[in-house]
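Student: Let me begin by handing over the structure; questions about it come next.
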Amino acid sequence: MLRLFYFSAVIASVILNFVGIIMNLFITVVNCKTWVKSHRISSSDRILFSLGITRFLMLGLFLVNTIYFVSSNMERSVYLSAFFVLCFMFLDSSSLWFVTLLNILYCVKITNFQHSVFLLLKRSISPKIPRLLLAFVLISAFTTCLYITLSQASPFPELVTTRNNTSFNISEGILSLVVSLVLSSSLQFIINVTSASLLIHSLRRHIQKMQKNATGFWNPQMEAHVGAMKLMVYFLILYIPYSVATLVQYLPFYAGMDMGTKSICLIFATLYSPGHSVLIIITHPKLKTTAKKILCFKK
């Protein structure tokens with residue numbers, strides 16, 4: 001029964017990854033066409049373009065790895081497995097940093113705080129987006145290299161199982177995993193929660209202001225607040241279980257877990273990227289309009 005449940009989880013994971021690949025290809029193509037036509041691109045669309053490419057490569061790599069694992073007639077190469085893991089870690093970290101930057105941009109641009117730091121960020125963040133994207137790629141590369149370095153020095157063993165159920169030890173330390181992932185993920189989590197909290201606080205202040213002035217609640221600023229807040233909150237709902245599931249999958253004792261636990265981790269780890277990509281499309285006016293045209297849902 002558990003084997004059937006795990007097999008169903010693998011099938012669902014593959015389907016979700018196909019959906020994610022299509023969604024991120026759509027995001028990338030739409031923003032690329034806009035960039036080519038107008039010879040300019042907004043800061044948020046530049047981040048979405050980078051995010052779409054990164055997630056497309058990451059989900060494609062996951063599918064290649066899954067197909068290789070299922071269909072290969074040879075024993076699984078330890079070095080090829082390590083290559084898949086390292087590439088996935090780099091792309092995953094980059095995509096999470098891009099989402100974090102997107103949330104920061106929404107928070108800074110939409111909130112109406114008059115603090116000098118916010119006013120400075122409002123003026124200066126957009127021109128710095130390309131350099132920030134590059135900086136986050138370098139941070140992701142650094143954390144991946146840190147993982148490699150620590151894994152070589154760590155004494156903790158890990159079991160890797162081949163297709164013929166032969167197990168052997170490789171030096172893949174739990175310490176290296178925890179340090180490299182926590183360094184990146186904890187900071188991302190703090191920034192995203194802070195951005196969402198500031199946006200909610202700004203929305204509450206805006207509502208109170210509208211109540212005092214006896215004006216209508218729903219206006220362009222309110223719509224921007226609510227749209228960005230929904231995207232951030234849904235992102236956190238998807239991101240928290242995803243982070244836990246991904247961390248568990250990388251741990252040495254994951255191979256010895258029961259099929260039920262593996263199935264749950266697989267579903268949570270797979271649901272985040274496609275789910276968040278769909279949310280981006282339905283909350284982004286241009287992407288939503290283009291998607292409706294493609295699906296023939298014109299009003």
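Each Cβ is built from the backbone N, Cα and C atoms, and glycine gets one as well.
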Student: Is Ser38 annotated in Swiss-Prot on the same side of the membrane as Ala291?
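Tutor: Judging by the topology that Swiss-Prot records, the two residues are on the same membrane side.
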Student: Which of the listed residues, Asn169, Asn213, has Swiss-Prot annotated as N-linked glycosylation site?
Tutor: Asn169
Student: Can you tell which of Asn164, Asn192 Swiss-Prot marks as N-linked glycosylation site?
Tutor: Asn164
Student: When the pLDDT values for the topological domain 'Extracellular' (68-81) are averaged, what is the result?
Tutor: 64
Student: Taking a Cβ cut-off under 8 Å, which residues six or more beyond the ends of the transmembrane segment (231-251) line up next to it in the same chain?
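Tutor: Here the qualifying positions are 85, 92, 96, 99, 103, 106, 174, 177, 181, 185, 189, 192-193, 195-196, 199, 257, 261, 264-269, 271-272, 275-276, 279-280, 283.
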Student: Restricting to the same chain and to residues at least six past its boundaries, which positions have a Cβ under 8 Å from a Cβ of the topological domain 'Cytoplasmic' (31-46)?
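Tutor: Residues 52, 102, 105-106, 125-126, 129-130, 133, 286.
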